[in-house]
Structure formats: structure tokens, C-alpha cells
Amino acid sequence: PKENSPFINSTDHDKNNSYDGTNMALFEEEMDSNPMVASLLNKLANYTNLSQGAQEHEEADEDEGPKKKAVKSPQMGTFMGVYLPCLQNILGVILFLRLTWIVGTAGILESLVIVGLCCSCTMLTAISMSAIATNGVVPAGGSYYMISRSLGPEFGGAVGLCFFLGTTFAGSMYILGTIEILLTYIVPAAAIFKAEKKEDEAGALLNNMRVYGTCCLTLMAVVVFVGVKYVNKLALVFLACVILSIIAIYAGVIKTIFEPPDFPVCMLGNRTLKNNDFDKCLKTDIIDNLTVTTALWKLFCDSPELNATCNEYFSNNNVTLMQGIPGLTSGVISENMWSEYGPQGMLVENRRVPSFGGSDPSQDIYMPYVVNDITSFFTLLVGIYFPSVTGIMAGSNRSGDLRDAQRSIPIGTILAITTTSIIYVSCVILFGACIEGVLLRDKFGDSVKGNLVIGTLSWPSPWVIVIGSFFSCCGAGLQSLTGAPRLLQAIARDGIVPFLQVFGHGKANGEPTWALLLTAAICEIGILIASLDSVAPILSMFFLMCYLFVNLACAVQTLLRTPNWRPRFKYYHWTLSFLGMSLCLALMFISSWYYAIIAMVIAGCIYKYIEYRGAEKEWGDGIRGLSLNAARYALIRLEEAPPHTKNWRPQMLVLLNLDSDQAVKHPRLLSLTTQLKAGKGLTIVGYVLEGTYLTKETEAKKAEQNIKSSMSAERTKGFCHVVVSSNLRDGVSHLIQSAGLGGMKHNTVLMAWPGTWKQSNDPQSWRNFIETIRETTAAHLALLVAKNVDSFPTNQERLGEGTIDVWWVVHDGGMLMLLPFLLRQHKVWRKCKMRIFTVAQMDDNSIQMKKDLQMFLYHLRLNAEVEVVEMHDNDISAFTYEKTLVMEQRSQMLKQMHLSRTEREREVKNQSNVRRMHTAVKLNEVVVNKSQGAHLVLLNMPGPPKNKGGDENYMEFLEVLLEGLNRVLLVRGGGREVITIYS
């Protein structure tokens, strides 16, 4: 189907309009195919994008359901349509749940490096995306369509599915964030699994996350299925939660200047303690003038008595209170500059406080210390943080709803990235300047009564952040479960990934039911992982892969300088795209090299699958232009010199015959081509249609289509070339001379033996065959003639054990040796062994010839059995060009043409050509005797006589030579060496 574009669509109404004007009468004939400029401009003026969600693709879905309802013209501007959606998608779960921990672990300086790298990556990607968005009308469908239409269906499918997987795992991350907030900060008592032992706490937490996460995912999926319109209406509510939470953070920072909040952290020596199980940070307390032990004492000692046996470290170190949030003017910023990475289980300690010995690591895990729950290092933090800067495509995904997408997408996206980058940088600095390092590294706030660490800084209450972040994560999860199925539906409706086509269908109103089910299933995988820190790097990989291809698409379009690449975004330069592409690739391997490899393998498999299935979409993409440029460069280089013998391989021109219905007569000829080529090198399938092009245009196109269908069925990769000529002879000559381009020309011609030449009343058929042999010889082309080609195996067959027999009579440059080797690379012929027969004259040393031939094959690295057949000189003299087939007495041969072989031999004994016929008979007997059971026989093909009067006798001799053999491939070298013993 044609693209839904005003430039190429013409309605039936337009076609039926007759031309009534007189000023343009000169162009009357063109009006049927080419519209007048006035009507074209009218279509352009009335062109509007379809509303997002109403139709996900620019092609008309005429086969599905009733006609589309008329949609209102999109009215959303930059602020509501791009800026706020991007802001909502960028700010979220990582900011509220992990940024303080990242600052405490990496230090302010390295945290700024992480933020700078990630924000620079998204900014460069946004600039590239802006260039694509301002290069013409942006279709409804947004980012996926911009990328796919710039890079082509193969890259488009790969990037689209990576984008889908990234969005789906983002849903998992937001749901895990929602459950973490619920179970850790809102209702910890709701946990189903409770650890009886200290070492089981991590497992219990993960199981709780899995159970509640699955329930939350199910609930969200039902909401999306039933009422997606309510999700969209609540988007502003969720955005308000994000904005109010951020305002509360800044307000809290300002308040710390005058009155820091009271969140003391209890320290034992230099170690941070969890204060969930005690209220007083004291070992002992005085009550009614009596010294009594506290709840903290009981955690470290075996009894509440003062003489109890206590943990040695507890006995040697004092308990102190440290203000968790000393405030902006406290000077704590200098202490939080540097990183504090460590292994899993490492105690969170304050290096500035003295500590006395007595630590027992085997017992420390049972003590109420705050410890690292995972091993931390710089690259891990990059992977965890990067999802907090994704979401830059939220605006472009609404392109169908924008009043002016070309203006709104660049401005809104870049402003949103700038705003969020400022927020992140300021938060890193402010967190490091206001909060103690030990509290920053306390990921779950265990040292402050289980409060959300970022909440302790907010004003007027930590609950502002807790509730705000909870609803923010809920909203982001719903948005992911809303957007991902629609993206998958759009990819499925594109038809570039066949096995996904079922996901293009949905409810009557277009809601993607099946796509939602697959999205929920994949999302459940992330839920089962159960760790936000483990899921974040996964979606980082998929989003980084998408951003990499956005930059690649823009760079390709710019470097190709295609005439239609004219972006209005004036701040773009191709170096920015390459920088963005390099940064994306670097971040992928910095974050997680194994996840990066997995993401690339997934994208590569999808690419190869689409390429293998044959993507039929033509979107005017940049990769097609890049391929053309690369092909042009390669062709120019090939012109410089002919290929070296080591690089020689058969570049085929296959001459086909079609019947009266334009159907291919011998499709097995294409099978043989596929088996010889295995997808390597050049294949041109040619056909000559007799007549003139003006009268045979329709038949020529039908013939070309039929040939391409046969090539596809036989898996023959190559080009089709149909020539219309006044006669068959000239047409074949034109193909032999002109097929190919530059240095990429054929060097071998493959054709079928004219099996009905005797029965044909028209002698022109076999004369054309002989003339083709002469022309290939003159053009120094190799020639392969397949006899009984319809008995050759198809690509689906598997020949059992047998032989490929080579009859090497004259040296042809090595073609006879090379062809069996190439055939045996294909699965059809893989089990066949190669046998080589050569002919010795009476004065030759047969034993020595066999040894020499075996040594020659050894140097050629070919495995074959060798046999020397002895024949008299007069038996084989007819086989060399200079000594054979000098048909001086043709008339007598014509009289005997229809006699049996025995009679024919008897009648021609007294003729001058008896020796030639006897040679053909004798050699045929030997070949039949040795090779009648072979799967294939390859034989040197004698050249035609110089005297054209002996052409029919030449056909007779070939017929006798091949009599009694099933599959035969006659081989004639092209006059050059095609195989070498040298490395």
C-alpha cells in the first residue's frame, strides 16, 4: 500500500475529473498521472496528522473494521504537548529513591560526572531527534516512525522493539518503585514474608516485592485495558505530585539554613546503627537514680543485666548522636566530595569518627548495623542512574496531537532536558551540602526510623515526598503500560516483523489488547527480578540502544546529503550526532558490558530476521542511501583492476526460458544457481522477450515479476534483467554484453541444454544455442550448460552418499575443480564425494599422471579420488579445439541424423568425420561405464566449429557424448585461471 501522503495519493474523484481548461491544454495527457500544482497545494493545505491513539500508522487500515471517524485538528502546544510530558517522564523513581544513595556512594564529584554524562547523552540525542523532527511533516506515531523512516525497516524494527522492551522494563521499574515505597515507608507491616533470621531479610524483601509487584501489575493492566482515557486524564495529577515533591525538596533545603530538621543518627564508634528497634541512643539510662540498660544494650548483649557479656566492639566504643541533616551552611559538603564504594555487606561508617577494635565480621551481620545491600562501583551507579534521564521521547510520541510538531518537539524536548539537568545537578550539590554522608549511604533510611532519606530533607513533612513519589511511580507505571502496547501495535501494523502481526489487532475501538498482554508478560519478568537496582541497568541498555540509533539516523542523513534532508533546526551539526552516538555506545559498556552485548545481540537478531524475511517496505530511508553510496564507491574501486585468482568466484548470468504464460520453464536452474553461489557474489537472472518494448511492456513486467517470484521460491539472491528485443539472438547478445555494472559484471553464463532441438521444426533454436557458446567464448566468459536440468535436486532435497564425477580432458583454468568444491559447500551436495577422471594417451605414463594429479589436488587443498583412463590418440583428438570438429563433409552426416547410434556409426565409417563421431561414442561409453551412477557429471565442453555449416553435426556429437547420463554439467572455461595452489 502507498504511504498516506498528499504527494502520492490521488483519489478516484480526482481521476474522474475531466480537464476543462484551455490555458494548459498542452499538458492534457499528463493530467491523469500528474496533478496540477493548484490541486497539489490544496491537498497540502488540508493535510493533517491523525490523532495519537486514533490511528498509530500513516497507512490506511482499509482491511480492518469500519471507516475511520473524522478527527479534530490537533491543538496541543509546546508546553502542554511536549515540555510537561517530558518533564513527567524524566523526573521520577530514581530521583526519589536512589539519588541520595548515589551521591553518598559516588561522592559529589563523581555524581556530577554521572549526571553530566547521562544528561549530555540525552541532550545530544534530543538535538539529533530535533533535526529529524524538523525535516518535514512529522507523522503521527512519533519517535519510532522518525527512526524507522530514517534508517529503514530492518533498523526500524530492531530499534522499535528495543524501544518497546525499554518502555516495558521501565514499567517494571516504576512498579517496583511503587512497592518499595509502599512496603518500606508507608505500611511496612503489610509485608507477607517476614525473615526469622537476619540473613533471610533480603530474600524476604524480594519475595514481598514479587507478590505485591505482580498484584500491582495486574491491577494496572486491568485499568489500562478498561479505561485508558482515565489514565490520560490523571496524567496532570501525577505530574503535579512530581512538581510539588521537588518544590518541597527545595523548600526543605532553604529551611536548613535557618532551622535544620531534627533527624539524629545513632552511631556506635564510627558505625551507623539501625534505630528501628530502640528509641534512645544510649547504652544505659538513669531512671529514679538507678542505672538501667536500654533496648540498644539488649541488641548487643546476652542479657539486660549490667554484668552481661556484650559484643566486644559495643563494649569498646561509645554511642553518640549525629545530626543527619546538619544544614546547607554546615560545611559537610567538603566531606561528601569523595566516593565510598564497597562490597556487599560493608558497614556504613563515618571515617571522621575514631573507632576502637574488637570487630568480629562473622557476628557483625547479626548486629543492627547499616550495611551495603549490594556491591557498589562507579559503572553500576551509571546504569542505575541512567533511567532517570530517559523519557525524552515523550513529546515526540505525541506528534499527532501537536499543533506544530516541527516547532514544538525541538523546543519542548530541549527545554525539558535543560530543566531536569539543572534539577539533577542542583540536587546532587544540595544533597551533598545538607546531608551527612552516612545518611546519604543509608539507602532505605534505616538509621532515621525507616524514613525516606530525601523525605527527611523536605518541608513541611517527609510524607509530602513519600506520597508524591508513590503517586509519581504509579502514574509512570500506568503510562508505560499504556505506551508500550501501542508502540508494539504500531510495529506489528507496519508488517516488518511477521510473527508480531497478531499484536496489531485489538478491540473494536483500536485498543491493543494482545499487545497489552505481551507487555504485561514481559513486565512480569522485571517484577520477578524484584530489585530496582537490577532492573534499571536492563532498561538503560534498551534506551541507550534506541538513542544510539537516533544519532546514527541523523548522522547518516546528514553525511549522505540527500536532497530531501533539509532540517529547520539550525543548531544541528553532524559532529553532534557522532558525539552522541559515541557517548551512547560508551555508556552502554560503562553501565554493563554484558547487558550491552545482550541488547546488541537482540537488536542484531531482529535486524537479521527482518532482512531474512525480506522487508518489502520502502521508506526512503538513509540506510538505503548509504548502501547506494557504498555500492558506488565499491564499483569504482572494482573498475581499477580485474579480480585476483584468489578472489575469483563465478558471477553468474543465468539465461532462463519462459513459456507462453510467462512462467519459468526450468526453475531447477535457479536451484542450481543457489547451490553454486550460496548467496555470495553476483547473480543476474536474464530473460529475452521477443517484440518491441512499446507493445510488450506489460508482458515484460509480468515476466519480471514471475522470475522474481521463482527466485524467491528457490532462494536465489540476485537481480532480474528482462530485455525486450526484436529477436531472441540479439537479446541474448545484449544481455551477455551489457548485464552488470562497472566492475560488478558476470564472468560465467549458465543455461539449460536445448533438449527439444531435434523435435523443433525451427532450426533457429539450436543455432541460437551455438551462437551463445561462440559469444561467451569471444567475451572470455565461462559457460555452464545443464543437461536434464529438471532432474537436478531442489534446495530442499538432501542427496545421500554418492559422487560428483569430474571428467578432466582439457585444462580450462580450473573451473572443473572449483565447481564441485562450491557445490559441496551447500547442504544438498554435502555428503557427496568428489572423483576426478583424466584421460591418458598411449604414450603417457598413467601411474605418474595419477601421482602428479594427486599432488596437484593436495596443493589445491581438495579431497578427491583420482583415476586415469587410457584411450588412444584418435579417440581423444577430436576433443581439442584445434584438432577436432572440422566438419568437411556435413551433407552425409545430415542424411544419417535420425538413424540409431549403431547404424549411424556404420554409415559414417567411410566419411572424413568418422573419427570425431567414434571419439564421441568411445568417450561416452567410458563415461557411462564409470559415472552412470554418479549424482552429477561435470565434463569439458568442446567448442563449436569455426565453419557454421557444421553446427548441426556439432549438436549431434554433443548429443552422442551425453547419451545415457542423467545429470550433466558441461563446462567451458573463460580463458583465465580461476583456482590457484598459492596462499
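Note that Cβ sites are derived from N, Cα and C of the backbone, with glycine treated the same way.
Just so you know, TrEMBL annotations are computer predictions that nobody has curated.
Per TrEMBL, the features are:
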| type | residues | note |
| --- | --- | --- |
| COMPBIAS | 1-10 | compositional bias 'Polar residues' |
| DOMAIN | 82-259 | domain 'Amino acid permease/ SLC12A' |
| DOMAIN | 370-653 | domain 'Amino acid permease/ SLC12A' |
| DOMAIN | 667-785 | domain 'SLC12A transporter C-terminal' |
| DOMAIN | 795-983 | domain 'SLC12A transporter C-terminal' |
| REGION | 1-23 | region 'Disordered' |
| REGION | 52-72 | region 'Disordered' |
| TRANSMEM | 77-101 | transmembrane segment |
| TRANSMEM | 113-138 | transmembrane segment |
| TRANSMEM | 158-191 | transmembrane segment |
| TRANSMEM | 211-228 | transmembrane segment |
| TRANSMEM | 235-258 | transmembrane segment |
| TRANSMEM | 374-394 | transmembrane segment |
| TRANSMEM | 414-440 | transmembrane segment |
| TRANSMEM | 460-478 | transmembrane segment |
| TRANSMEM | 514-532 | transmembrane segment |
| TRANSMEM | 538-560 | transmembrane segment |
| TRANSMEM | 572-596 | transmembrane segment |
Recorded stretch that, among 77-101, 235-258, 414-440, 514-532, 572-596, has the most CB pairs under 8 Å to the transmembrane segment (211-228): 514-532
Range from 374-394, 514-532, 538-560 with most C-beta pairs under 8 A to the transmembrane segment (158-191): 514-532
For the transmembrane segment (374-394), distant same-chain residues with Cβ under 8 A (at least six beyond the ends): 82, 85-86, 88-95, 98-99, 102, 105-106, 110-111, 114-115, 117-119, 121-122, 125-126, 129, 142-143, 163, 166, 170, 173, 339, 341-344, 413, 416-417, 420-421, 424, 533, 536-537, 539-540, 543-544, 546, 587, 590-592, 595
Long-range neighbours of the transmembrane segment (414-440), counting only residues six or more past its ends (CB under 8 A): 82-83, 86-87, 90-91, 95, 99-101, 103-105, 107-108, 111-112, 115-116, 119, 122-123, 126-127, 130, 246, 249-250, 253, 256, 260, 263, 265, 267, 272, 322-328, 330, 332-333, 335-337, 340, 348-350, 370, 388-389, 392, 395, 447-448, 453-454, 456-457
Criterion met for the transmembrane segment (113-138) and the transmembrane segment (460-478) (at least three Cβ pairs under 8 Å): no
